[in-house]
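Presented below is the structure to which this report refers.
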Amino acid sequence: MQVLLIATLVASVLAAPTEVSPQTSGGGGGGGGGGGVCRGFLYSNPICCATDILGLACLDGDTPPETPRDAKNFKEICAKNGQQARCCVLPIIDQAVLCIRPLGV
């Protein structure tokens, strides 16, 4: 039973998209929202993550302290604290489940 559960989890992770394209701010204006760095329905939560465990879990992670403009800015914001930029499915109390790198990072 446990083997079936683990196999199902691994299969679902492998079937998920591996990269998420960043959203452009649309030009003009003073910048856009940071909601575009993690696009897509599932991987929509930007997280600065200290430890990424094979994309299955992100330990000691939190939302970025400032709103990222794009994927490069997202990476820079997280790097200031020695963390990695990730787009995750489910953030829960300083951890997140199923995380990927945003496109351009």
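Glycine too: its Cβ is placed from the backbone N, Cα and C atoms.
So that you can see what the record holds, here are the features copied from Swiss-Prot:
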type	residues	note
SIGNAL	1-15	signal peptide
DISULFID	Cys38-Cys87	disulfide bond
DISULFID	Cys48-Cys78	disulfide bond
DISULFID	Cys49-Cys58	disulfide bond
DISULFID	Cys88-Cys99	disulfide bond
Task: Rounded distance in angstrom between the Cα atoms of Cys49 (disulfide bond) and Cys88 (disulfide bond) - done: 10
Task: For Cys58 (disulfide bond), the number of other Cβ atoms found within 10 Å of its own Cβ - done: 26
Task: Distance from Cys78 (disulfide bond) back to Cys87 (disulfide bond), taken between C-alpha atoms, in Å - done: 12
Task: Inter-residue Cα distance where the pair is Cys58 (disulfide bond) and Cys99 (disulfide bond), in Å - done: 7
Task: Structural state of Cys78 (disulfide bond), classified by DSSP into three states - done: helix
Task: Local backbone state of Cys38 (disulfide bond), from DSSP in three classes - done: coil
- [ ] Count the Cβ atoms, other than its own, that fall within 10 Å of the Cβ of Cys88 (disulfide bond), considering every protein chain shown.
- [x] 25
